[in-house]
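Annotated substrate binding site per TrEMBL: 11, 64, 74, 75, 164, 197, 215, 216, 225, 226, in sequence order. What TrEMBL records for 73 is active site. Summarising the annotation, TrEMBL assigns active site, proton donor to 73. The active site, proton acceptor annotation in TrEMBL covers 224.
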Ligand SMILES: N[C@H](CCC[C@H](N)C(=O)O)C(=O)O
């Protein structure tokens, strides 16, 4: 099976082009686990499939390294956009990608040799209703700066869905943040029936955040595009940023520019890069 490994700010996936390869549906979960394994496989944060769509120009499916399928992946969308344009799956610089979480529109920014350097994605509108994150529990319809205790530790979270669920915590300093302890525990907490991606955010200014993440299904990653979007939405809801202000989010793997526009849609701009192509013998 031919594959291409790509990354968005160090959040890497194995990409398979379903216009060329045929994969059995029942094998996808195991394939994601095996290919992602850093010792016995290729090594990545998961598997992403690029295929035909009846509702958009191409379709993206994303599986975390534990085999769980997610409804959206921001870094993945930028890499799918770059791959689709450079491999002639699309011809225009602006096109649409279908995900399980909905259809997003992307614009590739090319250089003089028509190589895609960065991609802008209109991620659509965030979902804030508690029961649509989904998050269990009584209380207000949306979860903004809500106290939660996990394993005896207390924190205040803001829950945002970008098609996939996120719990955002604002902290004074991301360096010592308990990403691999509290973040990991919260990501599988029963109050989130589908699990949750957990973001720790330090607000440097209204237009500059620092960010670390524990991803549902993949653990600590170098970057999370949907998480950076959720962080800025949470930042506006908590009064750190004005809606419409672009925010530079510093992730461990690099920077994304995120804007929660006044029309309600969230826009993400950032890089996408190839690592290698190859043949996997499964
Ligand atoms: N772990 C996520 C999927 C990948 C999201 C992330 N890598 C991104 O760039 O948005 C989830 O289970 O919802």
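Every residue, even glycine, has its Cβ placed from backbone N, Cα and C.
Take the CB of residue 74 (substrate binding site) and look out to 10 A: across all protein chains shown you find 28 other CB atoms. Close to the recorded substrate site, the chain also has 70, 72, 73, 76, 213, 218, 221, 224, 227: residues not among 11, 64, 74, 75, 164, 197, 215, 216, 225, 226 whose Cβ is within 8 Å of the site's Cβ mean position. Largest Cα-Cα distance over the residues recorded as binding substrate, namely 11, 64, 74, 75, 164, 197, 215, 216, 225, 226, equals 16 Å. The two recorded residues, residue 11 (substrate binding site) and residue 224 (active site, proton acceptor), show a Cα separation of 7 Å.
When the alpha carbons of residue 164 (substrate binding site) and the residue listed as 'active site' are compared, the span between them is 8 angstrom. Long-range neighbours of the residue listed as 'active site' (same chain, six or more residues apart, CB within less than 8 Å of its CB): 13, 46, 48, 60, 62, 99, 164, 225, 226.
Look at residue 11 (substrate binding site): DSSP puts it in a strand. In the three-state DSSP scheme, the residue listed as 'active site' falls into the coil class. The Cβ of the residue listed as 'active site, proton acceptor' lies under 8 Å from the Cβ of 11, 74, 75, 197, 199, 213, 215, 251, each on the same chain and at least six residues away in sequence.
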